[in-house]
Structures are given as C-alpha cells and as structure tokens.
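**Student:** Pulled these features from TrEMBL for this protein:
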TRANSMEM  A:20-42  transmembrane segment
DOMAIN    A:78-267  domain 'ABC transmembrane type-1'
TRANSMEM  A:82-103  transmembrane segment
TRANSMEM  A:115-140  transmembrane segment
TRANSMEM  A:146-167  transmembrane segment
TRANSMEM  A:200-222  transmembrane segment
TRANSMEM  A:242-267  transmembrane segment
Amino acid sequence: MTRRDASLKARARGSQAALVGLLTLGSIAILLPFAWMILTAFKTPAEAYTWPPVWLPAKWSLANFTQLFDTIPFARMFFNSVWTSVLIASLNILSAAPAAYAFARLRFPGQGLWFGSHLLSLMIPWQVTIIPVFLLVRYLGWYDSFTALIVPSIASGFTVFLLFQFFRSLPRSLEESVLIDGGSWFTALRHVALPAAKGAIAAAWLFSFLGNWQSFIWPLIVLQSSEKMLLPVGLLSLQNQYSVNIPVLMAGATLSTLPTVIAYMFVQRYLTDAAITSGLKG
Amino acid sequence: MQNAAPLATLAARKRRVSPMRRQETLLAALLILPSTLGILAFAVLPIAASLGISLTDWGGLSKPNFVGLQNYATALQDPRATSALSHTLIYVLLAVPTGLAISLTLAVWINNLKAGWLRTVFRTVYYLPMVTIGVAVALLWQVLLAPQGLVNLILGWLGVHGPNWLGSPSWVLPAVAVFSVWQGSGQGIILFLASLASVPKDLYEAAQLDGAKPFEAFRYITLPMISPTVFLVLVLSLIGALQVFEAVLVLSNGGPGDSSTTVALYIYKTAFTFFKMGYASALAWLLAIILIGLMVVQWRNQSKWVNYDQV
Amino acid sequence: MKKTLLLLAALSLSTAATAVNIDYATWDGTRQKADEALIAAFNKSHPDITVKYNLVPWGVYWQKAAAMVAGGSTYDVMWMNLDNFPFYQSQGALSPIKLNAKTTAALPNVRTAPYKVGGQLYGVPLGPQPVTVYINRALFKERGVPIPTASWTFDQMVAAAKKLTFTKDGKQIYGINGADLQSDLEYGMSFYYGAGGTGLIKKTGNSYTASLDATFAKTSQKLLDLIYKDKVAPGPQAASQQGYQMFLAGQMGILVQGSWMVSTWDQNKDLDWAFAPFPSVDGKQPRPVVSAHALVVPAGSKNKEAAQTLVTWMNTSPQAQRMLAQEGLLPTLAENYKSQYLQALPGRNAQTVFAQLPNSVVINASLRNVKVLPEVLTVLSQKMNLAWTGNAKLPDAIKQATTEMDTLLKTAK
C-alpha cells in the first residue's frame, strides 16, 4: 500500500466520521420531540403541565394508557385504520401505476387532458370540494359504509404524478429492446418498467398509507357508526372544546405510530439501492 | 362534391393509423381507465361543482342564487384575502427552498455513508417525523417553540436570543415553516434516496479518475441524474405549501391576529364558520389559478434543467 | 323444530315492536359518562325508542353538521350553540319543537328566548354553563391570602393575584390566567358586562355599528394590565401552557373559566380547588357570561317525534335533571336541583355558582339575526388578539377593530 493510498483512505474515513457526526446531530433534532411524546404518555396530568417542563416522569405510570382504552374503543379503531389504510394504499398503486406508465410512455389521443385532470385534482383545496364529494357519496347510498371511505380514495393524482415522474426517468433503451424483440408494451411494463420502479412504488405506497392513516376529516364526515370509526378520529375526540388531556392523547399518539413504523420496516427493503439497481440491470 | 377532397384526405389519414398505434391507444385506454374514472367521479366532478358554486351565494344549506362573477370581484378587493395570500406566499418562499435543500442534503449525506447499517438507521430516523399524527405533534411543537422552549434553549447555546416564535406576527410564519420542514422533509429524503441509488456507480468512478472534486461530481453527475426527482419534490412541495392548512390551524390557528392566516385557512373559515360556501369556492379557484400558473411555468422550464432518460 | 320457529316468530315480533332508533350527537366529551347514563335511563323508560350516543369532536363538529344537513341525512338530536343556531334555523334546517303547556311554563324564558324565532321554539336549552372563578385554596393558604367572599372586588382580585405570583421550587406560580381574558371573548366579557357594558354591536334604526365604547376600552386595559403591568398572569412571553393546564398543575392561584371544567379537575386528585364569587368591577353587580347551548331536532330527521321525546325528557324530566345535577352538571332547571348539585361537589363552595346565575348574561343574544355576525366577531377577536399578545397597542387595536367591523356590518345590508 503506497503512502498516497493510505492518506486517501484516512481522508475518506475522516469524511465518513464527519457525515455520521452531522447526521447524528440532525437525528437528535428529529428524535427529541418523539422522546417528549413518549415520556409525556407516562406522566400524570399535573406533571405534564408543569412549567418549565420536566423531562422525566417522577413515577412511570400506565394510567394514561388505561384511561385511553376506557375512553375510546382503541383496539377496534386501530384495526379499522390498519386494514383500510393498507387496502387504500394498495388500490392506489394498482390504479396509479398502470396509468402513470401510460402517461409517461405511450402516445394516445386525449393524453394531455386525462393527465391534466389528474394534476387538477391536486390543485383545488379540499375545503371546497368536500361537500360536493359528500353529496355524491350520499347519492350513491354509501353513507356510513367503508365503501364511502375507500372508493373515492382509490384514484390518486398524487400517486399518479409521483410514479409518472419515475417512469419518465427510466432509461427507454430497456423497454425498446423488448419492443424490438417483438414484445408488446404490456410486456415491457410488466417485465421491465414495474420491476425497475419497485423503489418508487414502495415509496408511493408508503406515502399513501401514511396519508390515510392520518386522515380524519373525510372519515369523520362519511362514517357515523362508532364501530366503524378510525383511530385519528378517536384521538381527536380526546380534545374537547376548551381542554385536552395531553398525557392520554400522547399515549394514544405513541401507540398509533407503531403501525407506521412497521409499515416502513415492511417496505424499506424495496426502498434500498439493491432492489432498484438490480431492476435496472434486470 | 366540394367536400370530396378533404374527406378523401381524412380517410387517407385515418387509414394511415398503424395497427401498432391502435394497439397502443387501446392499451393506454385500458391502463388509465380505473384511475381516470376515479379522478373524474371523485375529483373532476366535485371540482366542476365548486366552480359552479363559486358563481352563487350558496351558504351550504339553502337554495343557491346565481350571482355571476360577483364573488370573484369581492375577493379581489377583500383585504383579508390579499393578506392571506401574502402570508401564503411568504410561507412558500420560506418553506419550499429550505425543505428542498435540507432533504436533498440529508439524502446525499445518507447515501454517501459506506456502512449499509448506518444508512438504514439514519433513513429510518429521518422518516419518523412523517408518521406522527398531526394534533399530537402540533402540541409538542407548541412546547418546543415556546419562548423558553427547547428551540430557543438550543439557539441560546449558539449565542442567539430566540424570538417568541408563535406569539409574534413576524416569527410565526418562520415557525410554521420550521415545523413543516421537520415534518415534511422525510418524504423528500425517501424520494431522493431512491433516486440517488439508481445513479450508476461507475459514473463516479470515471469522474474520480478524471480528478473531479466531490462537489463537482455532485454538480455535474448527481444533480442532472436525479433532476426528475428534484422536479417532482419541488412540484409536490409547492402544491403542499400553497395549500398549507393543518400546520397553521393546529400550531397558531392563524394568529397572532391574522398574521398566519393562509389562504387555505381563510377558505376553511369562510366556508365553515362564516357559511359562505360560494365565496369560499371563488377563493379556492383564485388560489388554484395561481397554482396552475406556477405549474405551467415549472413544466415549461423543465426542459432547461430536468433530464429524462439519460442512460 | 316447532320451538325454534316459535322463537323466531317471537323474535321477529319483538324486533317489529322495538321500532325507532335515533341518533344523539354532541361535541362535549367532558360529559360523556353523564350522557351515556342518561341515554341508558331513557332507553329503559322508553322501550319503543333506542337512542345511540355519538361524540363528534369539537374540532370537526360543524363541518360534519354542515355536510350532513346539506346531504339531507342527519342525526335526530343534535347539540347546537348560539353562534351557529341562526344559520341553521334561517336555512330551514331545524324542525320546530312543540312542548306541552306545563313544560313550556317550567322553562325559564331567559333561556328559551335565544332559541325562539317568530314565537316558535327551535331548540330546548341545555343547562346554563356559566363562566366561573376557580381558586387554588392551598396556594391561597400558603400565601396568606383570604378566601374571597361575595363582596370580592376586582382590585382585591388583583391584589390577591400579586401575592399568588411567586417562585416555588424553581417553578413559577402565577396569580391568574390573563391570557384567556381577552375582553371580547366569553371569559373577559364577563368583566365587561360586570363593568356596565351593554354589548359590542349597537343597533340604531335598521343598521348595526360597532360599539367598542369607553367601558370596553377601560375593561380591556384592566385585563391586559394583568399580563403586562401587574405581571400576575403569564403572557405569550412566559409559557406555552394554557391557563387551565397551569391551574391543574397547581401553578395558578385564580382561574376564570367555565363551570364545565369541573370534571377536568378530577385529573389531579391533589388539587385543592373551589369556586369563588365573580369579583365586582367599580362596585357594580357582577354579570358573568353563560353559554346557552340547546338540543335541536334537524328538519331532516326521520324520527322527529321520538327525537322530540328525547329532547324534552333530557332537558326537563325530573329524572334526567336529577341525574345531571348528581354528576356535578347544571341541568336546564338548575335552580330546582341545587341540593343535588351541591351534594355532588361537596366542599367546593358550589353555591356561588347559583348565587350568580340570576345576573348572568348571554353574549350577543339580541344580534343573532345579523348575518355576518360570526365574521364580524372573528375580525374583532383577531385585532384584540394582537393587543393580547403584545403586538399592538390597545387603542390602535380597538380603533382598527371598529373600522373593520363597521365595514363588514355595512356590506351586510
């Protein structure tokens, strides 16, 4: 090993250490609020409201969790939220991925119009469309059913745009070779484009899952039966007009982050470099 | 007889549509059908309805009366609408570039880590803010942004006397931007990481052999290669920032005074507190026109800096 | 086999008989237990009606209400407040309620009046929810401050707050929740009415104008001084905790809040709280504000008759009234169930609440048909908020509020 190599290596090690240092600093900023949330879930209300704040509860107590389960049907809401979010996110991908691919790669009449209407759906604030959508859902007779929650959410301009952008940046050459070999566009989509976009699809699925996991206004408006309610609505109902029991709310918030972390663990292997590059080389 | 010639050309043109073309159109129709149907029914139709509503004095319950463009005329002269718009634009200028820069920087740093397990750890950590439920997080940030809260404590260590973030009209929008960047950069990081991973490693090796410095490699290889993702994140965060609602609602409820009342929050209050659904719809359309204008500019400008299909 | 068939027949008969299901919707989660107990009792005494309880969080209650009413399907019985009542009533979204003569006579006119339009009743008032003063007796004792009596004055309150503002074990204890006492909102307005105020909007002939007069300015200054001059209340510079949170944590001596906070104090068993009389301003009779919510029956309800039975039962029947009072909640005919209420809150000086009820005021009761009222009040509140957060001088805030309110009130014509 020459001296030059050794010094290069040392410099590389140094820059790696600097990166880790910087990222760790950032992580603290990210994690502190979480630590606060989790610690508050174990405090008594008096402790939680003390000012200046105290970090650690004097006595770790599970009372907030017990009270949470007494106040709202947590398990039922949790279950409803999990299955509807997973289903909606998956349906999103199933409807959006083919559409995004067609918009990115194929040429057909009305292309701009149809793609434009997907984009338009992102531009108008929901505050003024929510009542018209509600009237439509009522007209269809879906009020207070999971259909009302799921069906209007299947198509997503957001997901289509996200995947469109990824398909567009894929090298054309691979698909072209399929076409030249006599394959159809469909074959190109199934065997080249989709595997290559695994990472983007995983990301889109995750964002959609999170969006649905956290949404409360639409579920609250179209659902009524308490046995159909979702978790964010339950957490919202812990807040009263003039007061909120913060420790109980934090207990609920802490528990409600668990599935999102699990969802992440589930898709994260697709987000990694290996999957994408192998797709490209595939 | 006069029309025979053009008709003949039309027929000829029709005949020229190759079977390949027709197959492509058919496939495309099939692929976009489910999504387009959904968008038409649950987005375009309600959006069209909101356009219709914006031409009425509808309050939400009674029979609407047609008022023409009156709501739009009112909006252009409404001082609260213009101040809401200026708050929104300030917020966009604060949050969008910062968010983009921070998420890109963090993604590049994480991507440059050699140890795979470190990449996994940091990627997970920076994803975390996205997973929390809005209200709970907002309550946390009210504590963090308090005059003697954690943020100012840290600023104090750096010798900076922190402001009263949420209690001051000039600092409340920056505070909301800090919160949004904290909560929103995870999305950018995930997208950038996925994109960075697809940049072929041999390009860097070639550049290194040519003696390129790390920044040059970033500027001339990484950035062009991931430019479609930069465009994507830019557009998504622009759309999100121009419609910013929940962050201001839960953090500051538009205050102090109306200093953090954004357009979306004003629309919300107009529709559900003041019972002016017609006027709210007009405001929403004016916001949408600004947004669509910005999108068109971005879309046109793409060709100058976004590279698709480089390999 | 025969037995099963018979059983089935009996079952189907009994389901046919158990007819009506109605939905009850409220935003007030603090009284969920009481409401559920009431509903259980009602279901028992009315086998032909089954009521379902729905808690719709305050943060989204009005959106849900608007969507449902617009969509033509609604709850059968809903909580309504005075801010939203005029809109729903004027749009024909509420069904008129007919009470029998005896019940009508029993209900105090002052509480039904806000829900009467053209001599017709559209809502049956729930119990009054007055703004009250709470004190932390342990802190009073510790600082040697006398417990307030019926003759308590505003100046005595400030003096007490000064003594109660101190540092203890590194924690800042504050005298009073000044940040909540914005003079145009219900807590602060209680002092404004007590100082002789008569309303923030004045009607002359057929037009309305803002009336932020000398009484308003003077009261506002007094309340604002609690934060910035007397420094006995945490302002936005001091803490992010809200007043009630500091009171709950034992870090605040005096708290001006609504009677509905009683169940919240249960969260801290060590808190030695009690009601205190409202202080008098300038020797005048205190006039605290009451929130006057009501139960309404939406016009879209398919079971109006059953809904009306529930509304009447909940708000006037002796059984329901007694149950509420026993839970420490004021029933509609509060005065008749005083003893139950006092028993539910022993040693909390609860008779004070009753002493002040006859003098209480309903905010803007006479302005309900002003169409832009919610918008005008929002503008006012935003301007005053600038003064309260120390970002504007009070006279400027009042002047600007007046101008903007007048503009809105003019366009309303």
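Including glycine, each Cβ sits where the backbone N, Cα and C put it.
Please treat TrEMBL annotations as automatic predictions, because they have not gone through curation.
Describe each of these features in terms of where it is and what it packs against.
**Tutor:** Using a Cβ-Cβ cut-off under 8 Å and counting only residues 6 or more beyond its ends in the same chain, the transmembrane segment (A:20-42) has close neighbours at 48, 55-57, 60-62, 64-65, 246-247, 250-251, 253-254.
Here the transmembrane segment (A:82-103) has Cβ contacts under 8 Å with residues 111, 114-115, 118, 146, 149-150, 153-156, 159-164, 166-167, 189, 193-194, 197, 201, 204-206, 208-209, 212-213, 230, 259, 263 of the same chain, all six or more residues outside its ends.
Within the chain, the transmembrane segment (A:146-167) has long-range Cβ neighbours (under 8 A, six or more residues past its boundaries) at 84, 87-88, 91-93, 95-97, 99-101, 103-105, 115, 118-122, 133, 137, 193, 197, 200-201, 203-204, 207-208, 211-212, 218-219, 222-223, 228.
Within its own chain, the transmembrane segment (A:242-267) has Cβ neighbours under 8 Å at 37-38, 40-45, 48-49, 64-65, 67-68, 71-72, 74, 78, 81-82, 86, 202-203, 205-206, 209-210, 213, 231-232, 234-235, counting only residues six or more beyond its boundaries.
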